[in-house]
Each structure stands twice: as C-alpha cells, then as structure tokens.
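A short worksheet on the structure shown next.
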Amino acid sequence: MKKLVIALCLMMVLAVMVEEAEARWCFRVCYRGICYRKCRGKRNEVRQYRDRGYDVRAIPDETFFTRQDEDEDDDEE
C-alpha cells in the first residue's frame, strides 16, 4: 500500500512538471507607448519585466501587436 501511495505521488509530481514545461505564458509588455506580445514558457519572466519598469499585463493568445496613444511621448518634448 505504501508503494502505491508513493508511486501515485511521483506520478502527480511528474504530471505537474510536464504540464508546467508545456504551458505558454502570454503577456503584454508596454514601454514608451509601444505594446507587444510575449509568449514564453517561464512564469518568472513576467516578474522580470515588471522589475525593469515595463507595464506588463496578461493577455489572451489572439491579441497581436498594438500601439498606445502617442500622448505619453509628447510630454518628453
């Protein structure tokens, strides 16, 4: 019985690892008014972009390149 429980636990851990490796994490990255989609297999990449000062939001897969209003850049001139 103990071996069965251990085997089931190992199978669950393996299934989670495989699912994690195959998952695509898509998010929108915006910087200076330009937004684009990034899809990677790493969850922590979102945090890395956020730490660098980018505006990062989760988006659906069908979202494509967009450009925000130019009003943000007008302030710099």
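From the backbone N, Cα and C atoms, a Cβ is placed for every residue, glycine too.
What Swiss-Prot says about this one:
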- 1-23: signal peptide (SIGNAL)
- Cys26-Cys39: disulfide bond (DISULFID)
- Cys30-Cys35: disulfide bond (DISULFID)
- Arg40: arginine amide (MOD_RES)
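When the disulfide-bonded residues Cys30, Cys35, Cys39 are compared by the number of other CB atoms within 10 angstroms of each CB, Cys39 has the fewest.
In this structure, the CA atom of Cys39 (disulfide bond) is 14 Å away from the CA atom of Cys30 (disulfide bond).
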